[in-house]
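According to TrEMBL, the protein has these features:
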- 18-36: transmembrane segment (TRANSMEM)
- 48-66: transmembrane segment (TRANSMEM)
- 86-105: transmembrane segment (TRANSMEM)
- 125-142: transmembrane segment (TRANSMEM)
- 148-166: transmembrane segment (TRANSMEM)
- 178-202: transmembrane segment (TRANSMEM)
- 208-233: transmembrane segment (TRANSMEM)
């Protein structure tokens, strides 16, 4: 294959691809931050983490194999053309690095119990998969075998992309809340996944096994995002209603206490008036009594 097809890369496309590479990794930042903040994995399905990491690793290995000719052509290409032709590889590496860090944090903050044990087992399976496939990628050199192996990795990424979000969808549906699942990450990744898919589909020497898994994953993300947003809306509405009821009860208690206090003040005022009347009446009675005594003595 001639390396000339990798020359003349438009600057605007290279810039966009570079931004995609950064954006792909940053799209996992809200999810990573939420796990760090909550220090737990509530709401994160271990099989979702397993499939997501297997899928992202398979996509990365797929483009790693298919990019061998690009790496070889970099010897004769300029630094710019070499970088521009490897942006797809860099993007898939970013997509591989984000889930890997998330899985490591999930292992670190896993909760005791069955879910925590499943997360630990998932991490061990992902580690075994990554090590074995990396060794195979380095050992296989025959072009025909490389093409077949790349196809296998692409199909693996496709199959996991189709089903990876369904365990998480089931978990979120059962919990009725998002827990440690970041809706912000979903809001970034879902539309970004479709754009990323188009970027890879129209790149030079593209294979459908590279971009189809991204399309499948983005579609599954859309379903999970709709479910998560609906539960967030319902939970917020329930809380607002609860606060309104509590405010209503509090207002009723305040009015009741105010009325009771007013009645108490009124009764106290009446008592004071009666007391003043009795006190004022005593001198008059004494004067009348003294006057009567004086009249008797005179007589």
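Quick reminder: no glycine exception, Cβ is built from N, Cα and C everywhere.
Unlike curated entries, TrEMBL annotations are predicted automatically.
Among residues of the same chain six or more beyond the transmembrane segment (86-105), those with a C-beta under 8 A of the stretch's C-beta atoms are 14, 17-18, 20-22, 24-25, 27-28, 31-32, 35-36, 49, 52-53, 56-57, 59-60, 62-64, 67, 70-71, 74, 122-123, 126, 196, 199-200, 203, 206, 210. Note: the stretches the transmembrane segment (148-166) and the transmembrane segment (48-66) are in contact (3+ CB pairs below 8 A, sequence gap of 6 or more). Counting Cβ pairs closer than 8 Å to the transmembrane segment (125-142), the top stretch among 18-36, 48-66, 178-202, 208-233 is 48-66. Distant neighbours of the transmembrane segment (178-202): 16-17, 20, 23-24, 26-31, 33-35, 38, 40-44, 88, 91, 168, 172, 208, 210-211, 214-215, 217-218, 221-222, 224-225, 228-229, 231-232; these residues of the same chain sit at least 6 beyond its ends, with a Cβ under 8 Å from one of its Cβ atoms.
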